[in-house]
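Trainee: Quick one: structure below, then a few questions.
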Amino acid sequence: MLREDFIYPEGIYLDGNSLGLASRSSIKTIENRLKEWQTLAVNGWTSWFGLSESLSADLAKLVGAMPEEVIATGGITANLHALLATFYKPTDTKKYIVATTLDFPSDLYALQSWTQHYGTELRLISSRDGYTLTDEDIEEAFQDDVALILLPTVLYGSGQLLDIKRYAKLAQEKSIILGVDAAHSVGALTHAFHDWNVDFAVWCSYKYLNAGPGACGGIFVHEKHFHRIPALKGWWGHQKHTVFKMRPYFTHEPGAAAFQISTPSILALAGLEGSLEEFKKVNIIDIRKRSLELTTYLMELIAQHLPELEIITPRNEERRGGHVSVRHVHARLLSLALRERNIVPDYRSPDILRMAPVALYNTILELDETVHVLRELLDTKAYMKFQYQVTHIV
Ligand SMILES: Cc1ncc(COP(=O)(O)O)c(C=O)c1O
């Protein structure tokens, strides 16, 4: 859709769900901020102060929120800690945290930190097939003694999209706080965090938002929680217009901005500044349509030509994020062999090959070519030459 706006590497890039490609606008905004540093030095803060807040209106559109409900800050895990510190208040009768066995491990580490801190427990919803979750199993976990549930929008392994609207409703009925990890959906599909009544959400911007490696992540805090004072306070979450009065007590900035802690990396924000320009050129509804077109096509091709690969991503469009995952006992070797042929997929232990045809820059022809190369690799078993490397070196 906007391929020309991106600096496309040689070959075929299908790893935008891990690290999105550099857009020309992000390069430009990063260069501009670098130039400001070189020429203005500390005076650069006159334009850098409030930079995160200036991105909120555009960011909010991507997650279905009001501008004050979002802020670009930190990274997923750090943001999750900050939000858990505030939102997780276990009592004798409502004390457990629930997550799933298929969550990204760093989220689970963060949750464990807090259950260990309070001497409570983390309950994990397990998967029947090892790759996806059922509505019944998730709903079953919404028990009265649960204080907080964290769910991903899209599972990083299989690409399954969860029905967050449904779970947010259930959470409200049960007085459970629902937090969401939207790492694999922001920039790829539509959200309505405000209307769904999600309590809080975290995401990164180095995947589908294409803001650059380690770019500033984002948080959503529903307006109904604006009265909450951040448990992890820092001067960047202080009311902006009085922060330089250097008062010894904390007065929080209204909205999600209160959850900022430290001075943000301006260069990490600059990448996001540019990438949000790209998202102003196309509607997120059209991005989702194109993404579904690409993933549907890829799954059809795989089913037709690569029967050795087991598709673990739901075929139902309403249950699918932006990537397609397949299972193969030699997934690791296949990923290395594809890379040798200048096709960049993604591998996740132990046997998942992930491919993300990104709406903004991938094409149908690239998917044809990828499947063609995979067929050849499976026929010739040429990928086996990486066996030694995988067993002895990595
Ligand atoms: C779903 C998910 N959650 C959390 C993380 C961790 O993100 P961060 O390194 O920004 O803390 C990642 C990283 O890729 C992820 O994919």
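Note: Cβ is positioned from N, Cα and C throughout, glycine not excepted.
Heads up, here are the entries from TrEMBL:
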BINDING   T77, F104, P105, S106, D107, D181, H184, Y206, W235, T263  pyridoxal 5'-phosphate binding site
MOD_RES   K207  N6-(pyridoxal phosphate)lysine
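Have a look at these and tell me how they're positioned relative to everything else.
Mentor: DSSP assigns P105 (pyridoxal 5'-phosphate binding site) to a helix. The number of other CB atoms found within 10 A of the CB of P105 (pyridoxal 5'-phosphate binding site), across every protein chain shown, is 9.
K207 (N6-(pyridoxal phosphate)lysine) counts 26 other C-beta atoms within 10 Å of its own C-beta, drawing on all protein chains shown.
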Trainee: Which has the fewest other Cβ atoms within 10 Å: T77, H184, W235, the binding-site residues listed?
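Mentor: Least crowded of the binding-site residues T77, H184, W235, by Cβ count within 10 Å, is W235.
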Trainee: With the Cβ atom as the reference point and anything under 6 Å counting, tell me which of the recorded positions (T77, P105, K207, W235) are near ligand 1.
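Mentor: Checked recorded positions vs ligand 1; flagged T77.
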Trainee: What's the CA-CA gap between K207 (N6-(pyridoxal phosphate)lysine) and T77 (pyridoxal 5'-phosphate binding site) in angstrom, rounded?
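Mentor: Per the Cα atoms, K207 (N6-(pyridoxal phosphate)lysine) and T77 (pyridoxal 5'-phosphate binding site) stand 15 Å apart.
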Trainee: Which residues in the same chain, at least 6 apart in sequence, have a Cβ under 8 Å from the Cβ of D107 (pyridoxal 5'-phosphate binding site)?
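Mentor: Correct list: I76, T77, L80, A99, L150, P152, D181.
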